[in-house]
Structure formats: C-alpha cells, structure tokens
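Below is one structure, written out as structure tokens; the observations come after it.
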C-alpha cells in the first residue's frame, strides 16, 4: 500500500463517496446530521485506504462542483448555496476526523485525522 494506489489508472479507483455528499451538504449548511447519514459516510470512507481518504474527499468535492456546472469555488452557487468555498473545503477536510478515521498525510507515513492542504484532488 502507499500513495501510488490512489491515482487514477491504477487498479485501485477512488470512488466519489456518494454517501458522504449529504453529510457535507448538511454540515456546511449548519443542519443536524442524522446518525444514519454519518454512519453510511464513515463506513464508505473506512473502506478506502488511509493513504487515499483525503484524495477521495477532495475528488468528491470537485465532482459535486462539476455536476452543478460550477467553476470550483464560485461563491454561493452549486451544491453549497449558503456556504463559502473555504468553509466547504474545511468541512470536507474534517470528515475523516468526524468519523475518527486516521489518514496518512505524507510519504513518511505520518498520520493525522484532518486532511491538510485544501487543494482539489489530486494535489491534496
């Protein structure tokens, strides 16, 4: 295992985390997140290698913007009409911590719980 397995073209394909989309929308809008929504997202994220979780979250965020025909980070549009782009990215970056799932933050194998670098995938 390692970071190489997270990039497209390899056998491991990072999914767009459909179960985490409602969690991100609810959290970003300040709404209460139902336990079932949280559980489903965390389970889906747990099935992804700890090397790839941040990339998967940023890939999900990027695809949500693209599906709405929004240039990444346009204010007040698309899937997050009430949420500033910085808040959306920080909320996505913290989903691993909300789920208490460790991530690997660099090639040395150092771990954390919050994704650092709020760039879109694959630069995460």
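Just so it is clear, glycine is given a Cβ too, placed from its N, Cα and C backbone atoms.
Keep in mind the model is a prediction, meaning the values are calculated, not measured.
As written in TrEMBL, here are the features:
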DISULFID  6-52  disulfide bond
DISULFID  20-41  disulfide bond
DISULFID  28-83  disulfide bond
DISULFID  42-99  disulfide bond
DISULFID  54-115  disulfide bond
If you rank the disulfide-bonded residues 41, 99, 115 by how many other Cβ atoms lie within 10 Å of their Cβ, the lowest count goes to 99
Integer Cα-Cα distance in angstrom, residue 20 (disulfide bond) to residue 6 (disulfide bond) | 18
Spatial neighbours of residue 99 (disulfide bond) among the disulfide-bonded residues 6, 28, 41, 83, 115, using Cα within 10 Å, are 41
Reported as an integer number of Å, what is the Cα distance between residue 52 (disulfide bond) and residue 28 (disulfide bond)?
-> 23
Over all shown protein chains, what is the count of other CB atoms within 10 A of the CB belonging to residue 6 (disulfide bond)?
-> 23
